[in-house]
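Trainee: Taken from Swiss-Prot, the feature alpha-D-glucose 1-phosphate binding site applies to Y103, G168, E183, K184, S201, supported by sequence analysis.
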Amino acid sequence: MVKVEVLGMILAGGQGSRLYPLTAKRAKPAVPFGAKYRIIDFVLNNFVNSGIYAIYVLTQYKAQSLTEHIQRYWRFGAFLEDHFILLVPAQMYRYEELGPVWYRGTADAIYQNLHLVHNHAPKAVAVFGGDHIFKMNIRHMVEYHYDTRADITIAAYPVPVAEATRFGVLQVDEEWRITEFQEKPEEPKPIPGRPDTALASMGNYIFRTEALFELLEADARDETSAHDFGKDVIPRALREGYRVYAYDFHRNPIPGQEGPNLYWRDVGTLDAYYEASMDLVKVVPEFDLFNPEWPLRTANLFSPPAKFVHETGERVGRALNSLLAGGVIVSGGTVRESVLFRRVRVNSYSLVERSVLFDDVEVGRYCRIRNAIIDKNVKIPPHTEIGYDLELDRARGFTVTPEGVVVVPKGYRF
C-alpha cells in the first residue's frame, strides 16, 4: 500500500443507546443532523478540508445505513492511491490471538486494525470520534503535535470548572504538557493561570505511530484493561513517561471564520441532539453551515427546491427562522424555528414549532407540533397534536426526554 504522512482513523462503531429511538436501526454516527447531513459528515469534512485524505472508518453497531452513506457519497475515485475513505467493519481480524471477540473498546478497535497502520507507514495517526458536531482544522493540530515533539496530542476543550465533572479532565503544566488525567472528577483541577477553567478531553488524538503501536500492544496484553483510550491508554502513557500534550481547540483556525473556535457538541443524548439542532436555526447561529471556505459535503440526492404555497387568509405557506432541505413543501402551513429534512410536507393550517422532522415526514392538516423530533417515514393524521400533552405522547409509545422533547420513532403508524 502507498505511504502517507498522516493516517486518519475514525471510530464510528458507537451504539448510541442514549439516543434511542433514533439509534434503533442505525449507528450513532449515521443519525441525520442539520436538514441534510449525517453526524459522521462533520468529522469527515474536517479531515478532507484539512488536506488529510487517507481515512479509515471503523464500524460495528447497526452499520448498514452508515455503510451505504459513505460508500455512495464519499468517494475520491480510483486514480489517487493516497486518497481514500474506506470502511472497516469489526471482523475478528485477530481471531487467532484474541478469540471470537468484536471491538472491545475504542483502543481495541484500533489495535485490531494496526495492520492497516503498518501498511501505510504514516508519521502520525489521527484517531477521532465519529459522533460529534464541530469544525476543526486537523492539520493545525498535527503541526502542533510535531512542534511539541509529542508522542500523543489530545484535543482539549476549555470548560468552566463547574461543568468539567461530566468530562475527562486534563491537568497541564505551563507548556500544556499533560501531567494528570482525571475521569469525571468531583473536583476538577483548573488550567494554570485560569482558575475558573478546566480542560476537557474531546476524545480526539494524534499519535506518533511508534508510540501508538507500543501502547496498544501493551494494553492488549493487560487482562484488567477495558481497552479504552481515555480510561486505559492515556493513563498508561502518562505513567510510563510518554510526552502527552493538550491542544487548545479554541485556538484552532477555521478559514472564513473569525474569532476563536468555540463550537463542539457531543450529541450523545436526545436533549443534547435537540439543543444542537436548535442552535442551527438562530439568526446568528453558533454553528455556521454557510461558510464557503469550509464546505460541508454530504449526499447529493438531487432533490428539487423547497416550495411554499398558498396565501389566502390563515392558509399561508411559510417558514420562519428555520432550516429546510430540498424537496420540502410547506403547503399552507407554518414552520417556525425548526429543521426539516428532505421531502417533508406540512399541509394547510398546521403549525410546526421548534421541531426536527426527518426525511419523508408528512404533517396532515390542522396539526400542531412543538418540541419534537420525528424520525423518517411518519405520516401524521389531520388534527394531531404532538408536544402539547406529554402523557398522551407517552401513551402513544413516544419517548419524552427529561427536558420535555417528544421523539417519534421511525416509521410510526398512528
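If you go along the chain as it appears here, the first residue is 1 and each next one adds 1.
The backbone N, Cα and C atoms fix where each Cβ goes, and this holds for glycine too.
The structure displayed is predicted, hence computed values, not measured ones.
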Trainee: Which of the three DSSP states, helix, strand or coil, fits K184 (alpha-D-glucose 1-phosphate binding site)?
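Mentor: Going by the DSSP assignment, K184 (alpha-D-glucose 1-phosphate binding site) belongs to neither helix nor strand, so it counts as coil.
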Trainee: Can you check which residue among the binding-site residues Y103, K184 has the largest number of Cβ atoms within 10 Å of its own?
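Mentor: Answer returned by the neighbour count: Y103.
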Trainee: If you draw a 10 Å sphere on the Cβ of E183 (alpha-D-glucose 1-phosphate binding site), how many other Cβ atoms land inside?
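Mentor: Result for E183 (alpha-D-glucose 1-phosphate binding site): 13 neighbouring Cβ atoms inside 10 Å.
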Trainee: I want to check the contact list for G168 (alpha-D-glucose 1-phosphate binding site): same chain, sequence separation of six or more, C-beta distance under 8 angstroms. What comes out?
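Mentor: For G168 (alpha-D-glucose 1-phosphate binding site), the qualifying residues are F181, Q182, E183, K184, A200, S201, G203, G230.
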